[in-house]
Structure formats: C-alpha cells, structure tokens
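Record features, source TrEMBL:
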- 1-11: compositional bias 'Basic and acidic residues' (COMPBIAS)
- 1-24: region 'Disordered' (REGION)
- 50-86: domain 'BBS7 platform' (DOMAIN)
- 91-205: domain 'BBS7 helical hairpin' (DOMAIN)
C-alpha cells in the first residue's frame, strides 16, 4: 500500500521527476489501470511562469478524479492512494497451460496423422486390397490422406509460436521467483516431441519452480 501526495503551488520552479521504465512480460493477462503519472522526463527544465489555473488544468488531464474547476486557493493538495499486489499467483501458470493445450494437442495430432497417412499410402501402393485388413480408424486416415496433408501444411509446433510462449512463460516465472532456467528450454522441446500431455506439462512447470 502506498500513498502519493500531489501539491501544486504558485511558483516558477519545477522539480525534476524520475520514472522507471515499465517491463512488459512475454505472456500476460491485460488489465486497465489509471496511471499516476503520464508524462516524459525532459532534459531541459521548463521555468516558465504557470498560474494555479494552468497547473490545475494539467493535473485534471493527468490524474483521475481531479475536478475540472480550479479551487480558489493559493495552494491545492490532492492525495492519492495506490495499492499494487506484486505476488505471483502460481495457479495462473496452470491456467495459461490449459489455454495453450488445445493448440498443441491439435498440431501434434495432425503431425501423427500425417505420419500414419504417409505410411498407409506407401502400403497402399504395394497392396491392391489394402482396405480389407485395415482397421476402420486407419482406413479413414488413408481415405483422408490428401485432406490431412492440406490441414497439416504449416502446422508445426516449432513454427507456430506456441513453443516460444511456453519458453517465455517459464523464463518470466523464473525471473519473478529467482530460479534458474538452465537446461529447461531444451527439456520443453523434448517433452512436446516425445511425451506431451497437459498433465505432464503442468508437472514440468511445477518441478521447474522447485528446482
């Protein structure tokens, strides 16, 4: 919890304000906040004379809930309270992974079907009556060979940006918790290519948080 006081006096001198640049996470949930300050620092100091009305108009455009009419006083004080919760909600990691899971599952399913379709197509070239011994599921894959290849075109996990989102999510959480990500980026790729499931990915992230 922090309180900020903004005081405007009828003076020709302005104090320099210092601001830290905001760091934007790689993966985020968008929320809207009313900024306390919304101006840029200048190297040259502006020492022009400002009236109370001009300074109040500046505050009215800058800060929320400042009345548009300037009070009849030589000194005006506005108090602002800003509360920010900087704690990391670890449940949000599982939530993000759940949102990403359908996309990963879809792409991996297409890749598997593409491999099956290619193998069955090659088998068909050497067997005239291949449908007589294929299971219904494999027969459908063979019949849908061209459609599967069309749907799978350009659908690769490495090129989709999903892998980058997972890596950035892991990196962002590691920065907030002070953990190392050494070796974990390659482990994500290995998990997706060999033994992916939502439960396995959630377990991977939980183990990474405890390392």
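Just so you know, glycine gets a Cβ as well, placed from its N, Cα and C.
The predicted model assigns the domain 'BBS7 platform' (50-86) a mean pLDDT of 78. Within the domain 'BBS7 platform' (50-86), the DSSP-based counts of helix, strand and coil residues read 11 helix, 8 strand, 18 coil. In the domain 'BBS7 helical hairpin' (91-205), helix, strand and coil residues by DSSP number 92 helix, 0 strand, 23 coil.
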